[in-house]
Amino acid sequence: MHSYLLSIDQGTTSSRAILFDRQGRVAGVAQEEFAQHFPASGWVEHDAEDIWQSVLRTCRQVMESTGASIEEIAGIGMTNQRETTLLWDRRTGEPLHRAIVWQDRRTGAYCQSLIDAGHEAFIQSRTGLLIDPYFSATKLRWLLENVPGARERAERGELAFGTVDTFLLWRLTGGREHATDATNASRTCLFNIHTQQWDEALLSLFEIPASLLPEVKDSSADFGRAEPHWLGGPLPIAGIAGDQQAALVGQTCFAPGMAKSTYGTGCFMIINTGEKAEVSHNRLLTTVAYRLNGKTTYAMEGSIFVAGATVQWLRDGLKLFADASETEALARQTRAGHGVYLVPAFTGLGAPHWDPGARGAIFGLTRDTGIAEIVAAGLQAVCYQTRDLQACMDDDIEASAGRLRVDGGMVSNNWVMQFLADMLGVPVDRPTVLETTALGAAYLAGLQLGWYADLDEIAGLWRCERTFEPSMEEAERERLYRGWLDAIERVKCSAETRGRA
């Protein structure tokens, strides 16, 4: 009798393996961090072998620590850091270069040349995305142009491209499966989200040979079986989704207007828009939420590059505290209107500003400012940025979110969650199970494997641990937010992005 689903959650700084039971409860967790490589300013890389080995080890560790046998596991769901780009040899499976991570900004000049040439409207109309180094297409083009012999080998059909899910699937299946799902494909800037196919015009624009590309499947599908020697048996791989879409599924945001926000290294707010690919007038992204039985559900997304990374910087860079758990007590020492604003534009600004040249700053310092105020300002920045996204979504979509479901490491901080509810002016729901990204991948696998009849059954499993109700006066909320907007304007790099909301 199958008791568990194994979820592989391959993230930006660590790989995790989690076993879930049929009720969506966590039975066991294993996690392993891996090295980050910064070979030049603005460049971020991962060693693909580090990713692969960390995934294998965590899967084996969680089975060992829980005592789960291979016979008790129904199958595998997989979720991954999106956009991160790999290129490997089809014969050997060996990568030609380190993975270029979603945070990497090396293709900024090329992206600007595409914008200057007037391509952004065309690209957005096909992909729902903007021209930015964030997405996979320009990273893949860089690999083809800069790895010796790569373009020639690609033209001969010797190489394979994939995001992290595709690379792991290739490895797990012994090279038998070169595939991805529609959510990951929708983040490459090469996939037409309306036709649900790789787009020939985009491939031509970015100079990408079609022979490199994986097959695109539903998010719940037959992705093959793992080679028995990896985990002890030929487990079926039955669900794949990019991390933020997987979290949307894990939070059971299945109706149009339902929204979730994940607070990890970055912050990602996604609202379900149903069968309609809503176009943002505020520079948010239109993306695939999930594709099931050939039917596509769309979402609108705002991506904030720095959320939990601010806490890491305050801890490791400024050494203001020893452990992230100390931040709540520090923040509680401050008065509400302390006047300090921290804009964490360490790698530029994401949605809705999309200003890669912006840089971080702290405003409002006085002789009274201490560690507590700076820490509080860093935490509040995440909430202000979420308010930025909320304002855009409310303007773009009729069925806007009347409440927000949250997950990720930062949501365990009650002070942050209360300030978030106050700043948004809507209830904020924190679920009982915070491993929503991995849970979403497990649910997708469970649908394919017959564990769950439909999305309604999965929605019935969601449980709320605590709701944070807004309690701040409207006038105070708006006063604080105006201060944030002023700080944002001050860090923007170019006249073009100043005044853009």
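Going from the start of the chain as shown, residues are counted 1 onward.
Each Cβ is built from the backbone N, Cα and C atoms, and glycine gets one as well.
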Can you tell which of Gly224, Gly308, Gly370 Swiss-Prot lists as binding ADP with Thr12, Arg16, Thr265, Gly409, Asn413? Gly308
Out of Tyr134, Tyr290, Tyr298, which one does Swiss-Prot list together with Arg82, Glu83, Asp243, Gln244 for glycerol? Tyr134
Rounded to a whole number, how many Å is the Cα of Arg16 (ADP binding site) away from the Cα of Glu83 (sn-glycerol 3-phosphate binding site)? 19
Suppose we draw a 10 Å sphere around the Cβ of Gln244 (glycerol binding site). How many other Cβ atoms does it contain, all chains included? 28
Let me know the largest Cα to Cα distance in Å among the ADP-binding residues Thr12, Arg16, Thr265, Gly308, Gly409, Asn413, as an integer. 22
Tell me which residues of the chain lie with their Cβ under 8 angstroms from that of Gly308 (ATP binding site), as long as they are six or more apart in sequence? Tyr263, Gly264, Thr265, Gly266, Gly408, Gly409, Met410
Looking at the binding-site residues listed here (Thr12, Thr13, Gln312, Asn413), whose Cα lies nearest to that of Asp243 (sn-glycerol 3-phosphate binding site)? Thr12
Other residues, Cβ within 8 Å of Thr12, Thr13, Ser14, Thr265, Gly308, Gln312, Gly409 Cβ centroid (ATP site): Gly11, Gly264, Ala309
Of the binding-site residues Thr12, Thr13, Asn413, which one has its Cα closest to the Cα of Gln244 (glycerol binding site)? Thr12
